[in-house]
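The domain '4Fe-4S ferredoxin-type' annotation in TrEMBL covers 55-84, 95-124.
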Amino acid sequence: MFTMVNGLQNYSEQAIQAARYIGQGFVVTLDHMNRLPMTIQYPYEKLIPSERFRGRIHFEFDKCIACEVCVRVCPINLPVVDWKLRKNKRKKQLKSYSIDFGVCIFCGNCVEYCPTNCLSMTEEYELSIYDRHELNYDQIALGRLPISVIEDSAIHTIPSLTHLAKG
């Protein structure tokens, strides 16, 4: 008889605990019903990246002195700098520069430590392609400036998600 009463008591405690969990879930659901949707219709609406966003790297060929600081500070030794020595001036001349964005971790060390500021981060984040070998950008592709999200008239820009949550 005692075991039956004890089993019934355990069952009622478990039922009460389950009802609490269901009630907590219901409170969360009710809380979310009062919020506005945060969905962005991606191809037609885009968020404006923050000013410190680390997107694709922009390279200015004329400013580069081929010092290879970017290669030394890169955690994976990614930038490929090809240069030749001009013996009459005892100065390096840059022949080519390339970065493989399929391997790049976008840490920004190369941009931060560049002594001539020939590298900079852009707000371009759409680097999706079908062939990963096309992510190997040479100095011509790196020198191309991306179209700013703000300047693109075909796209409705949204300042930030925090602005939507408050509205």
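Note that Cβ sites are derived from N, Cα and C of the backbone, with glycine treated the same way.
What TrEMBL says about a protein is an automatic prediction, not a curated fact.
So that I understand the layout, could you describe where these features sit and how close they are to other parts?
Per DSSP, the domain '4Fe-4S ferredoxin-type' (55-84) is made up of 8 helix, 8 strand, 14 coil.
Applying DSSP to the domain '4Fe-4S ferredoxin-type' (95-124) sorts its residues as follows: 5 helix, 9 strand, 16 coil.
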As a test of reading the model: what is the averaged pLDDT for the domain '4Fe-4S ferredoxin-type' (95-124)?
94
